[in-house]
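Features as listed in TrEMBL:
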{"type": "BINDING", "residues": "B:102, B:105, B:106, B:107", "note": "Fe(3+) binding site"}
{"type": "DOMAIN", "residues": "B:10-193", "note": "domain 'Nitrile hydratase alpha/Thiocyanate hydrolase gamma'"}
């Protein structure tokens with residue numbers, strides 16, 4: 001979707017602010033939200049691509065101004081409601097309760113050895129996105145390609161700044177879960193992933209590009225179309 | 001979806017309410033939450049990436065394996081996992097400087113760098129680094145990359161995770177691994193800072 005989260009090249013939102021030091025978690029509530037990603041994933045709320053799409057659906061003004069981990073709260077709520085796992089009216093009621101009584105206790109509960117074992121296992125093992133596939137890669141390293149102009153309304157990783165741009169394939173990673181399918185709840189449908197290198201002049205125009213710069217961007221096979229390669233007298237691709 | 005921003009107190013109450021419901025459903029326990037937090041506050045952080053860098057600086061064969069397949073090479077040191085299932089290391093040279101970003105969200109190689117700093121996830125860095133990397137590096141990080149050095153920005157749009165193998169600074173011949181480790185900063189492995197100064 002063409003959302004504000006797709007930020008590359010956006011001007012006018014202020015300088016990068018880098019504090020001298022900061023803790024991993026800036027508030028206790030951030031310590032609670034961070035584990036929700038892995039634990040709600042385990043509980044079937046979302047896959048990684050859907051998780052991102054839930055964040056993309058946040059009101060743009062809230063997205064730009066809210067603390068990072070609040071984005072995660074929104075996507076957990078979004079899928080919890082969509083799947084019937086969370087009653088938002090009940091969530092609102094409990095929010096009022098804890099707002100009035102911040103130190104009120106959480107529900108009593110037993111430890112869950114299986115959940116703890118999941119945490120211990122998933123951190124070092126991860127959840128790989130590479131897949132086996134019979135699909136033949138349409139491109140190889142060295143090919144000149146163009147990112148097609150296409151603006152899906154659902155989840156995609158087609159950042160606007162590379163659409164229509166011409167670049168060169170520099171890495172081929174093999175088939176991986178296709179974000180445009182998995183992120184919209186339509187299954188993994190793996191596609192080949194490549195890294196495409198774009199000259200800054202191609203992305204921003206010669207007048208505005210910084211000197212001697214490239215951007216490498218990962219694309220899935222359906223994002224690309226071949227560019228007819230012509231060989232000049234110097235033998236260089238044009 | 002609410003269109004208003006919340007205060008810290010409002011977010012904290014919302015999160016506690018959500019936590020209470022997820023606890024009742026058996027999705028979370030406070031024990032598992034505490035363990036996950038402990039892992040990323042104390043165990044998984046940039047010290048791990050620094051170990052890989054120092055090994056690459058002092059062991060040419062390991063460096064060759066790291067550049068060829070970072071995931072496998074890191075596994076030799078027991079390093080890998082969530083949000084770093086498939087990693088590529090980017091070698092800085094005299095003519096190339098690499099820097100990473102995730103313009104679409106906040107993707108970052110957790111197993112070698114831990115969780116990202118907030119500026120990496122904030123809109124400002126994500127908006128500017130593909131467009132004006134030299135300016136961002138100079139103004140926000142005090143790090144000047146000469147024009148003759150090519151700047152390669154890596155926008156992490158897939159599940160591949162990139163990170164930077166900085167150059168070993170001159171004047172460090174014969175240094176111990178402990179001394180070298182002190183030079184390797186998180187920022188150097190993101191590509192927004194040089195390695196530490198050689199005293």
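The first residue you see is number 1, and the count goes up from there.
Every residue gets a Cβ built from N, Cα and C, even glycine.
Automated prediction, rather than curation, is the source of TrEMBL annotations.
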Cβ distance under 8 Å to residue B:106 (Fe(3+) binding site), same chain, sequence separation 6 or more: which residues? B:116, B:120, B:121
Those residues of the chain, 6+ apart, with a Cβ under 8 Å from that of residue B:107 (Fe(3+) binding site): B:83, B:156, B:157, B:159, B:161
So for residue B:105 (Fe(3+) binding site), how many other CB atoms are inside 10 Å of its CB? 19
Using a Cβ cut-off under 8 Å and a sequence separation of 6 or more, which residues in the same chain sit near residue B:102 (Fe(3+) binding site)? B:108, B:120, B:126, B:155, B:156, B:157
Any idea what DSSP makes of residue B:106 (Fe(3+) binding site), helix, strand or coil? coil
Please list, in sequence order, every residue of the chain apart from B:102, B:105, B:106, B:107 whose Cβ lies within 8 Å of the Cβ centroid of the Fe(3+) site. B:104, B:108, B:116, B:121, B:126, B:156
